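Shown next, in structure tokens, is the structure this report addresses.
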Amino acid sequence: MRNSVSDHSFYVESDEEDDHQEKHLDKSEENGDGNESDSSNYSNDDDDNHNDRLESKPSSYNSAWPQSYRQSMDIYSSVPSPSLTFLGTPSLSHLGSSFLASSLTRRHTPEVLPSLHKPLISQAEEDQPPQRRSSHTLLPPLPSRRSAIKKFPDEKSVAHELPVSRQSSYGQGVLNGINVLCGVGILSTPYAVKEGGWAGLSILFIFGMLSYYTGILLRYCLDSQPGLETYPDIGQAAFGTVGRIIISIILYVELYSCCVEYIILEGDNLSVLFPNAHLNLGGYQLDARHLFALVTALAVLPTVWLRDLTILSYISAGGVIASVMIVICLYWLGLVDHVGTQSKETVLNLSSLPVAIGLYGYCYSGHAVFPNIYTSLEKRSQFPAVLFSSFAIVTVLYAGAAVMGYMMFGDSAESQFTLNLPTDLVASKIAFWTTIVNPFTKYALTMAPVAMSLEELIPSNHTKSHMYSILIRTALVMSTLFVGLTIPFFGFVMALIGSFFTMLVTLILPCACFLRILKGKTSPIQVVTCILIIIIGSISAVIGSYSALSKIIHSL
């Protein structure tokens, strides 16, 4: 008995109407409406219908690993309606829409592990003609928009088997963009100013402008060919299957590294609040930091086992509020409570400037999710404005925290400014507990794409066993605990992630893919700009990674 419901129970297509629609589209294409985008019309803000036609064409970017990327990034970036299930069948009905993205919730993309039900590419799917395949390989094949579709209810159907739709408004897109961009990096911006000096703060604004531009390049790549929906799709279009796999691995390692940062963060902050906590295990003494890192791993483990992460994504939507609240608390402590030290300040610190480069780079590590935000917009012509608003707001938050934090603590600023705060003030307690609670919801959402990609590799004869998924996810959590305890340097690890992975994902790869996919359709200015960004990203990656690794090794 197959766990997946037959595709034919959901959609019945009318061949006569389908032929009529295809003839109509062919006629439109003859009149020039079906031409592919080029560099002269990418920025046409009135061409949303063109994007619809691109979506309606069959996709060839769905058979290679990772097939789960689109769904996993939807979980990570958007806020679907919550339902509670562990690694099994959904058991609770949807509870309502999110305050952050009420219409986006109708996309219904909770975490579904198709590898638990069927092989990556089943025989039935291989036998199907290409036009019946969807770019959402993990969902039942979505019927073409050129078809007349009649939906029949099926008592076995569940919410995640509904087709994905574009219903995100401008405001929802901006909030999702802010939620993706504004994370724990805000805690380290005063430390970044300490490492680079006041003059080094200009790097934050430079990276913000370059990251915005490369985000727009991803949109051009998505519009260049039918069927492109995710970052790995872009990599495959540019460099083939090898490019898709390499880009996917880079993206997943970056997400895994962020989970390591969450473990380090929890251990550091909780040990400041409870410095005398300890545990004696068989003669081995665990101090406060090791103990709370272990407790954090055990606490997030059940959330990682969750089959449907929509409850956590509903809660994590408050990440925007949490970031704003932390900055407000910092300003309150500095301006009202007059917290701070008389430590000296530095204008420019060349010796540790490479570390600052990595820390500032980490602040803009959201490009892995931008394609999902773009394809979810109801009006895709609004994407540049959505992206600009998101970057502007996030940059103001980062710069505000950096300036106030460094003015308060100067060269004594810690890798997380919460570690500099007194623990007896109300604003400090709010900042501490906001910082501590937020990663508990984001850990599982960040780890989910990594887990889903590994579960795709489970042999088809073991796909029905949930035990394999539980073992994979448990191993991932325990491995982040081990790495976090082995390399407990929050700032240096963040600098390494920002220098190497973020420079690749945010600056280098978007430009390389753009030049490769749109070869011959780009203007000389675009070519020169992309080459310049690649050079900047490469230099930053080399010197930043070397400096961060050197400091980690020296500290060990």
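Backbone N, Cα and C atoms are what each Cβ position is placed from, and that goes for glycine too.
Automated prediction, rather than curation, is the source of TrEMBL annotations.
Over in TrEMBL, the protein carries these features:
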- 1-65: region 'Disordered' (REGION)
- 20-30: compositional bias 'Basic and acidic residues' (COMPBIAS)
- 113-145: region 'Disordered' (REGION)
- 167-547: domain 'Amino acid transporter transmembrane' (DOMAIN)
- 174-193: transmembrane segment (TRANSMEM)
- 199-222: transmembrane segment (TRANSMEM)
- 242-265: transmembrane segment (TRANSMEM)
- 311-333: transmembrane segment (TRANSMEM)
- 353-374: transmembrane segment (TRANSMEM)
- 386-410: transmembrane segment (TRANSMEM)
- 470-490: transmembrane segment (TRANSMEM)
- 496-515: transmembrane segment (TRANSMEM)
- 527-549: transmembrane segment (TRANSMEM)
Within-chain partners of the transmembrane segment (527-549) [C-beta distance under 8 Å, separation at least 6 from its ends]:
210, 213-214, 217, 352, 354-355, 357-358, 361, 492-493, 495-496, 498-500, 503-504, 506-508, 511-512, 514-515
Between 174-193, 470-490, 496-515, who has the most Cβ pairs under 8 Å to the transmembrane segment (199-222)?
496-515
Would you mind listing the long-range same-chain contacts of the transmembrane segment (496-515), meaning Cβ under 8 Å and 6+ residues beyond its ends?
185, 207, 210-211, 214-215, 217-218, 220-221, 231, 234-235, 237-239, 243, 247, 250-251, 253-254, 257-258, 261, 354, 357-365, 367-368, 522, 526-527, 530-531, 533-534, 536-538, 540-541, 543-545, 547-549, 552
Close approaches to the transmembrane segment (174-193) from elsewhere in its chain (Cβ under 8 angstroms; 6 or more beyond its ends):
76-79, 100-101, 104, 168, 200-201, 204, 258, 261-262, 265, 316-317, 319-320, 323, 326-327, 355-356, 359-360, 362-366, 369-370, 373, 376, 386-387, 389-391, 393-394, 397-399, 401-406, 408-409, 413-418, 435, 438-439, 442, 490-491, 494, 498
Sort out for me which stretch, of 242-265, 353-374, 386-410, has the most Cβ pairs below 8 angstroms to the transmembrane segment (470-490).
242-265
Same chain only, please: residues at least 6 beyond the ends of the transmembrane segment (242-265) with a C-beta under 8 Å from a C-beta of the stretch. Say none if there are none.
61, 64-66, 69, 76, 183-184, 187, 231-236, 293, 296-297, 300, 365, 368, 416, 435, 439, 442-443, 446-447, 449-450, 453, 476, 480-481, 483-485, 487-490, 493-494, 496-497, 501-502, 504-505, 509, 513
Distal contacts, the transmembrane segment (386-410) - CB-CB under 8 A, six or more residues away:
170, 173-174, 177-178, 180-182, 185-187, 189-194, 198, 201, 204-205, 208, 211-212, 215-216, 323-324, 326-327, 330-331, 333-334, 339-345, 363-364, 370, 373, 377, 417, 420
